[in-house]
Amino acid sequence: MSFSPTYSIVMASPLLTSSQMIPTTGSTVGFRSILPFGSLRLTRPYKKTSLFISYCSSVSKKAKTSATDLKPVVERWPEYIPNKLSDKNYVRVYDTTLRDGEQAPGAALTPPQKIEIALQLAKLRVDVMEVGFPVSSEEEFETIKTIAKTVGNEVDEETGYVPVISALARSIQRDIEAAWESVKYAKRPRVGIFTPTSDIHMKYKLQKTREEVIEMVASSVRFAKSLGCKDIQFGCEDAGRSEKEFLCKILGEAIKAGATAVNVADTVGINMPEEYGELVRYLKANTPGIDDIVFSVHCHNDLGVATANTIAGVCAGARQVEVTVNGIGERSGNAPLEEVVMALKCRGAYVMDGVYTRIDTRQIMATSKMVQEYTGLYVQPHKPIVGANCFVHESGVHQDGILKNRSTYEILSPEDVGVVKSQNSGIVLGKLSGRHAVKDRLKELGYELDDEKFNDIFSRFRDLTKQKKRITDADLKALVTTCGDEKLNGANGKESNGYVPVPQISSMV
């Protein structure tokens, strides 16, 4: 990912914080700039873009000349205060893959799988992980307790990071007791309590009046507090269809009773980004005590706008986002963690007043693949951020640009999300590929051809694309073989991008 061209950087150390190490393959270490994470923080914009570009160029040159001296920047995690953030621009990432995500049809996980995913989520550096609904079964209760005792107590010695472990409960005392008893072993335990707040839910599910629901919520929060829980989140189920004035009242009572965070859920995914953002703004402006807690957003994807709604909530002032890996969840799923996090990383500084997270985005692909494997829910190839086609190009025009500079058609670096790629390893040859891409791939395979021979091969390549959707390296070698003599660059061929070197070839007829 490149820097936003209109913002300046404040660095504790001009050299050490200009880049971070990125593990690649073997002993190779790559360097790239990361913004706005770690000690790189965005401040005021430069008045002239040229000044910013000039500054970045000087930083880049220093990094290149001193690469062997650079060390990874380690930043201490700020003190965790349940109802406050150390920085008004910091956005907490609340992952609910192990609770809401597991509710996706067919996504049931075994206890060992849930524990492994929790460990991976800790590597990803999520702030909060909601790991289940303990009252649902004894197995669920014990699994949550195990995660609380293990993952919830593994403190990173260098950074001080340890995740908040949360369990969900209805506004029922036995639910709340089960939730607290399962998570209390964690260093940072949280109990999440939810209650329906829309008229349709209160009438048909709860069969209670608004006044009765408000009292139920307040007493539930007080009960959780009486158990010793100091981190209590209250969530409004179906807030997207709830009356705004009623939401202000019930949230205010929950805060008054001791809630440290409140969650406004578009449970059925009915809201559009503009109206969801307006809802968040309204609640933040009219709810008593709202500035004394952390405001959270939870969006479902029934109309395909969960990511957009979540971002709209952040723009409106929310500072906790509730997401799932790969967007799995009930019906059409939830806001995908990878999309929300990368949107904040890529555009948070530029159009969202400098908001950021502390997610280690290099763990995104590994986390996505683990969740796919364990749930059996595999993402489509063009799924943003983690799909197989995200960093792959077939169009000739695009391939030409990518071969010259990847940033021509990629706004994110593959390495940013844990995908190691070279300059042209995302090139896929097919009917839309142009001469530049084909010639470059042949050269990487070890073939240097004059224009006449290449023209012959390219013509045959075009014919082959009418029979096959994708042309492989083996296909290219066969095309060269059928076209007569060619000159190898190197006695044993060239090894590139993980491909097997081409064997030495003598003149072929």
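Each Cβ is built from the backbone N, Cα and C atoms, and glycine gets one as well.
What Swiss-Prot records for 1-55 is transit peptide, and it gives sequence analysis as the kind of evidence.
The annotation domain 'Pyruvate carboxyltransferase' is assigned in Swiss-Prot to 91-365.
What Swiss-Prot records for Asp100, His298, His300 is Mn(2+) binding site. Under DSSP, His300 (Mn(2+) binding site) is assigned to a strand (E or B) in the three-state scheme.
Once Cβ contacts within 10 Å are tallied over all protein chains shown, the binding-site residues Asp100, His298, His300 are led by His298.
Within 8 Å of the centroid of the Cβ atoms of Asp100, His298, His300, where the record puts Mn(2+), the same chain has further Cβ atoms from Thr96, Ala265, Asp266, Thr267, Cys299, Ala306, Glu322, Thr324, Gly329, Glu330, Asn334, Ala335. Along the domain 'Pyruvate carboxyltransferase' (91-365), the predicted structure has mean pLDDT 97.
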